[in-house]
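Novice: Copying in the features that TrEMBL gives for the protein in this structure:
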type	residues	note
ACT_SITE	Asp142	active site, charge relay system
ACT_SITE	His217	active site, charge relay system
ACT_SITE	Ser547	active site, charge relay system
DOMAIN	133-583	domain 'Peptidase S8/S53'
DOMAIN	391-458	domain 'PA'
DOMAIN	662-764	domain 'Subtilisin-like protease fibronectin type-III'
SIGNAL	1-23	signal peptide
Amino acid sequence: MGATTHLLFSIIFLSLNSVSLQANTLRTYIVQLHSQGMVSSLFTTKLNWHMSFLEQTISSEEDPSSRLLYSYNSAMEGFAAQLSESELESLRKLPGVVAIRADQRLQLHTTYSYKFLGLNPTRENAWFKAGFGRGTIIGVLDTGVWPESPSFNDHGMPPVPKKWRGICQEGQNFNSSSCNRKLIGARYFIRGHRVASTSVSPDSVMEYVSPRDSHGHGSHTTSTAGGASVTMANVLGNGAGVARGIAPFSHVAAYKVCWYSGCYSSDILAAMDAAILDGVDILSLSLGGFPIPLFADSIAIGSFRAMEHGVSVICAAGNNGPIESSVANEAPWIATIGASTMDRRFPAIVQTGNGEKLYGESLYPGNRILGSQKELQLAYVTSGDQASRFCLRGSLPRAQVRGKMVVCDRGVNGRSEKGQAVKEAGGLAMILTNTELNLEEDSVDVHVLPATLVGFDESIRLKTYINSTRRPMGRIVFGGTVIGQSEAPGVAQFSGRGPSFSNPSILKPDVIAPGVNIIAAWPQNLGPSGLPEDSRRVNFTVMSGTSMACPHVSGIAALIRSAHPRWSPAAIKSAIMTTADVTDHSGKPIMDGDKPAGVFAVGAGHVNPGRALEPGLVYDIRPDEYVTHLCTLGYTNSEVFSITHKNVSCHQILLMNTGFSLNYPSISVIFKRGVKSKMIKRQVTNVGSPNSIYSLEIDAPQDVRVRVKPRRLVFTGKNQVLSYRVWFISRKSAVTESMSYAQGHLTWVNAQNVLYRVRSPISVTWKNK
């Protein structure tokens, strides 16, 4: 989640009906049921059956229906309800109850990015081949949508697909005519949030009880995935160009699940339930939490059912990088997306009184506003508590900052909020300084006063200068928009990293995509900084986060789906992964800070939509293969059932599938103590020309010998499936650390056309325990 979003959730409060006092003793639980129970029962509807469990649990004086929040049918079999501790215990004992999980709160994790990805509307290329995403429906679970945004104009859009069964739900400042041929559906899900959020601020900013977006995040992500073309798009003059979603002819549907306090899993599951029935092709979720086991993860559970219905689920990898094992949304049937940088810059250089120039960036339109580049005295307030160093609201002594350019360290509060704090204390400008946590990462903002963000190295030089003189001076020189003068893509510092916490046998994230300084649609009720005090109004603004990377891939998935409507979600994901780039636009390795990026940062690499439309070969996976995979992880039969709704015996499955490995497009090998060799099997489906020959290219991980049989794949027909096996033999004599890693790759290269390169990253882990 970008700092703007983080800030919004701390300052925008919900004006809703008061919550009953009883909510103090009740909690929301998601109750999962055995689907066979309905078959043998006498109930005419699923709702009646679900209600019967509450009728057996709740005392006769109370109406059980008042406790029911949602009845789930497609994303999960079961319901969400409010229960006391004693009622929870009674419900657990009823036959047919599989699992009960407490409701969890999750958080939310353009004019140029399509060009950066090589999508060019003037040439016969990927966009044309995919019909610009024509006929596909992208469902976005987020903070809602601002339907009047020019990005959701339906001029030139094809008719609404016949398979669409969704609605345009009416609500506060939102009616059924708010939808059109571009924005074909909108719903909101608030019950889980409403019963969990008891605090209501009297001075709150209005939160619309409808699909209307009052935060901006949802409009931004939805337009990134499938926004219409908008000419003359810019943010107060910066980043000017034609704004387009990645799949500009696809239809979009908004499912509002996130409110001021976050996004509750009961609401998310209800939205997934509705979206599957509505007929979406792609589900885009720029939200999530910390990694948890798949059987406790509502997004993993809901997305399994979506995948079975042929829906591709694309999720953000989370913003807790660069910490190891911080990647969220790790289920193998989900496409997990990390964030990358682009080669577009917004220079705002600090010139200090001693003649130094410190590189910084900002979207404040300083080159257009008179007096915003004048020299001012610098102030860095470090006395007293830490609050003033971070420029928290009310922490800056007016006498020390009035009329000055204030230096603020990143962290604790939102980046734009720091500028508001400086402004309120009488400061005239701000320099945001990265700490060791952010290093040189440069997420820009449309600040409320002249401001820039400098990297960690520059911040040390700046503070050294401030400490060296009694009257330090500085000015910010704003340089507008600059394209193509920096190496990109690189890995965003904040992007969630592997190895996967709950399932290291699958390499996560899957790929990275543009997620830093993305310009996309913005509501007209908010200033571009997202602050309630910001009175400026724009149709577009800038945001950073894996939240922004996720919808880029949702749009690419829509393009592939449009070009290949019969492909499964696994085939679509395989096409995106095996064609990803591992070098930047100058041909050098993609960098992660000051070192080449590893597989736990980039997965298979950086998305390349042009190549993904024609991958040559795909690694397909049937739903039952995921079930076998879960059994290999040591999950119990009931844990597997709670994810897949399949009644299985893992013991029998493992006996029938000895040596099973999931047919994933990337390869993760784990050598436990005493194990020296591993064999994995893969199958590839030929989706290119019928007569194709592929030869092997191997980059073996350090200290590992790799043998592959066969070394050539000879296809004689389209959709033909061929298998190969890979043996990994460890050459490490002894593992001293508790864990060590190596990486490489395996690539199948088409002998007739070397442009078809089907590449799988390899991750090897040695565990000493």
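Positions of Cβ are set from backbone N, Cα and C atoms, glycine also.
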Novice: Summarise the domain 'Subtilisin-like protease fibronectin type-III' (662-764) as counts of helix, strand and coil residues per DSSP.
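Specialist: Taking each residue of the domain 'Subtilisin-like protease fibronectin type-III' (662-764) in turn, the totals are 0 helix, 63 strand, 40 coil.
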Novice: What is the number of other Cβ atoms found within 10 Å of the Cβ of Asp142 (active site, charge relay system)?
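Specialist: The answer is 29 other Cβ atoms.
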Novice: Rounded to an integer, what is the Cα-Cα distance in Å between Ser547 (active site, charge relay system) and His217 (active site, charge relay system)?
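Specialist: On Cα coordinates alone, these residues lie 8 Å apart.
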Novice: If you average pLDDT over the domain 'PA' (391-458), what do you get?
Specialist: 90
Novice: Roughly how many Å lie between the Cα atoms of Asp142 (active site, charge relay system) and His217 (active site, charge relay system), rounded to a whole value?
Specialist: 7
Novice: State the count of C-beta atoms found within 10 angstroms of the C-beta of His217 (active site, charge relay system), not counting that atom itself.
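Specialist: If we count other Cβ atoms within 10 Å of His217 (active site, charge relay system), we arrive at 29.
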Novice: Going by DSSP assignments with H, G and I as helix and E and B as strand, what are the residue counts for the domain 'PA' (391-458)?
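Specialist: Counts, helix then strand then coil: 17 helix, 16 strand, 35 coil.
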